[in-house]
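Engineer: Features from TrEMBL:
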COILED    B:38-65  coiled coil
REPEAT    B:85-117  repeat 'WD'
REPEAT    B:175-216  repeat 'WD'
REPEAT    B:217-260  repeat 'WD'
REPEAT    B:261-302  repeat 'WD'
REPEAT    B:314-346  repeat 'WD'
REPEAT    B:347-379  repeat 'WD'
C-alpha cells in the first residue's frame, strides 16, 4: 500500500476533498481560470475567492454560508492557496486571487513533513530575509539547528542551491512556487495558536492497517459464522410494516418533542425561565396534560414516570394486585444491583413474594414458579427473569388497559394543567436571573451505604428513556 | 539457464515450492493446515454474509422516504447556541447529561473532567485524571457519581461530593480494566453497573462496587468506538460500533451477538437508539449517518450529502425521533429529517471538530462538545 493510500485511509476526508478539487479543475464543468493580476505581475491559471464560492454553491446546491465553510476547509487543508496575503489560509468571498496547490504538495502525498525539508525551507527563508524570521520560525530554526546539527552543511547547501535555481525563473513562477511552499508549511507546521488541521486523535488499530497484528484467528471467523447462521434463521418483519411504525411513533410523539413543537410555558434554555422544569418535576402536585396523556402511549411510559408509577400503584391497590408492582421493582433491584448483595436480595424477594404464605405473594403460573424456586438454590442476577417477565406482562396486558379506562386516570386527565405560553419579553436585553438548582448529589443523606443503596435503587428501577 | 528457483521460467513453479526449504518444511506440517482452515473459514463467513444480505433484501418492499411522503414536511428550523461552556483548556472529547436535565459532565484531552450546571454555566466539580485523552465519560442515574476513562485503559467511578475537605480523587473507584484505550462507557439502569467499550475490540459489563467483570462481549474485529443501551422495557440489549465498520447488537445476559450490520464504508464513531427502541442510528467516518431497523433486520436509511466530506463523530435523536442531530469532523452540526431522509439545517459555531453530541433527557436542548475547547447548548 502506498503512503498516499494509507493516509487517505486514516483521514477519509482527504480522498473526498481531492475528488472535489479534481472536479473543480475539470476543463468543462470546473472553475473558469484566468490570469490574475498581483500588483504588477500576472499569475496564470488562477481564480478568485468568489469563483470558488459560486462554483460550490452551484455544484452542491448549498447556501453561501455552507459554500464558504466548505471552501475554507479546502484552503485550510492546503488544497487551494491564496496569492494575496499568503500567510493566512483563509477563503475570502471577493476577488482575492487563489490557485490550486500542486499535487506534489498535497496533504496525502507528502505527509508527514520531514524535519530535513522543514530545515531547508527555514534556511532558505533565513538567507533571503537575512536572519529576520518571524518568531516561531526563528525558534524552530534554532531548534532544528541544534537537533540536526550534523547535517547542517547539507541543509545550507540545499537551501542555497534551491534559491539559485529559483532566481532563474520568471517572477510569476517564483511567486507561485513560493506561495505553494508557504501554504504547504502553514498546513504542516502551523504557527502556535493556529488551527492544526492535521491533528488527529489516538491511533486506531484499523483493520486495514494492522491486519497483521489483529487476532484474526479461527475463533473470530467461527463467531462470525455462528452469528450469521443465527441471523439467517431470524424472523424478519416486512419493511412496509416496520416503517409504518415510525410514522405512527412520529405522530404520537412529535407534540411532546420540545425541539419540534416547543414547550409550554416556554423552553428554559431560550427564555431562562425554569417554570417548565418545575411543572414537570418528578413529583408535582398536579402533572401537565401532555404528561398524563403520554402515560397512555404505552405501559413503559407509565412505569417510567415517577408520578405515573405512583398512580399505577394506587390503582393496583384498589384491585388488590399492588404486590405485582412491588415484585417487579424488587426484581429490577436484583438485575441492576450490586454483585455482592445478590444472594441477600434473592432471599428477600423469596421471603416477601414467593414463599408459601408470604405477605405479598405474587400469582405466577406453576411452571414458572417451579423453575424460579429451583433457580433460587443457586442465586444469580437473572434468576428472577422469567417470573419478572410474567408479572410484567400481566400488568401490561391486564392491569394497564383497565388503568387507562379507570376513573382514577380519567380524573387525572381532567385535572391536568395546560400552562399558558409565556409572552415574549419586550426588552430582550433584560435577561432573567439564572438560578441554580440543588445538585442531585446533595439530596442523598451521607453515611449509611444501606440507605444509599435503597435510595439509589428507587431511582434505579426506572426504565431507561431517551 | 535459471539461476534461482523463483525466477519465472517457461513453467512458473507453484508459490510454495519457490520458498526457501525451511519455510516449506514448516508449512508442510502445521502451518499449511492452519492457513487452509483460516482461509476456508473466512470464505465461509463471507459467503454466509452474502446470503444473509439476500435474505434481508427479500422482505424489503418499500423505502422509508416513500412511506414518509404523506408526513408533513418540516417548517423553518431555527436553533441557536444558548449557552457556551468555557473552562476546558484542551479538546473536549465526551459529555453526558444528568437526569436532572441541566447538569452535564464533560471530559477532555488534558485529563480534566468537569461537572457543570449548564443552565447557569457554573462549574460544580472538577477532577484531573492521571491520563490524557479521556475519551469516555458518563453521569450516574442517581446524579451522585460520574465515570470516565481513556488512554489509561480503565474506567473509574468518582462519587460527587460537595465536602470541601474531600478530594474527589480520593474516593475514586477503579472499575473496568481493558487492554487498550477506553472509548465509551455508560451506566445501566443503576449506579452499580457499567458497560464499557474499548480499543481492545471488546465490550464489557462490570460491577462497580467490586470491579468484577460480569460479562464480556467478543465479536468486533477491531477497536470498538461507541455503545448505546436499548431503551427497551423488558430487554437487556445494547448496540456497539467499531473500526471494523460493524454495528453489533448484544444480549447483555448471555454475551452473545444477536444482530450484526455491516454497511458503512469506514469506522463507526457513534451509535444511538431510536426512542422506540426498534431501530438505531450510526455516524461514521465515511461521512454518512445510517438508520438500521431491528425488526426488518436491515439498513433502512442513509443520511448523506455530497457537500459533507468529513466524518460524523456523534449522533443523537430528538425526543420524538423525528430529527437526527449529527456532529461532524468539519466543525458543523447537520440536522436530518429521519423520516424523509433530507437535511433540515446545518449549524455553524464550533471552530474545530465536533467530538460529542447528546440531546438532553427531556429533549429541550442538545449539547455539543468540540476540539475548540468549548461545549455549546443549542435550543
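Backbone N, Cα and C atoms are what each Cβ position is placed from, and that goes for glycine too.
Looking at the shown structure, can you explain where the listed features end up?
Structural biologist: Residues 262, 291, 296-298, 300-301, 339-341 of the same chain lie 6+ residues outside the coiled coil (B:38-65) yet bring a C-beta within less than 8 angstroms of a C-beta in it.
Sequence-distant neighbours of the repeat 'WD' (B:85-117) (same chain, 6+ residues past either end, Cβ-Cβ under 8 Å): 123-139, 141, 143, 146, 148, 150, 158, 160, 352-353, 355-356, 358, 360-362, 364, 367, 369-377.
Nonlocal intrachain contacts for the repeat 'WD' (B:175-216), taken as residues 6+ away from its ends with a CB within less than 8 angstroms of a stretch CB, comprise 133, 135-142, 144-145, 147-157, 222-229, 238, 240, 242, 250, 252-253, 255.
This prediction places the mean pLDDT of the repeat 'WD' (B:217-260) at 93.
The repeat 'WD' (B:314-346): residue composition by secondary structure is 0 helix, 19 strand, 14 coil, according to DSSP.
Sequence-distant contacts of the repeat 'WD' (B:347-379) (same chain, six or more residues past either end, CB-CB distance under 8 Å): 79-86, 88-99, 101-102, 104, 106, 108, 116, 118, 313-320, 325-335.
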Engineer: Can you name the far-off residues of the same chain, 6+ from the ends of the repeat 'WD' (B:261-302), with a Cβ under 8 Å from a Cβ of it?
Structural biologist: 49, 56-57, 59-60, 63-65, 223, 225-232, 235, 239-249, 308-317, 319-321, 324, 326-329, 336, 338, 341
Engineer: Quick one: DSSP breakdown of the repeat 'WD' (B:175-216) into helix, strand and coil?
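Structural biologist: With helix first, then strand, then coil, the repeat 'WD' (B:175-216) has 0 helix, 25 strand, 17 coil.
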Engineer: DSSP says what for the repeat 'WD' (B:347-379): how many helix, strand, coil residues?
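Structural biologist: When I sort the residues of the repeat 'WD' (B:347-379) into the three classes, I find 0 helix, 17 strand, 16 coil.
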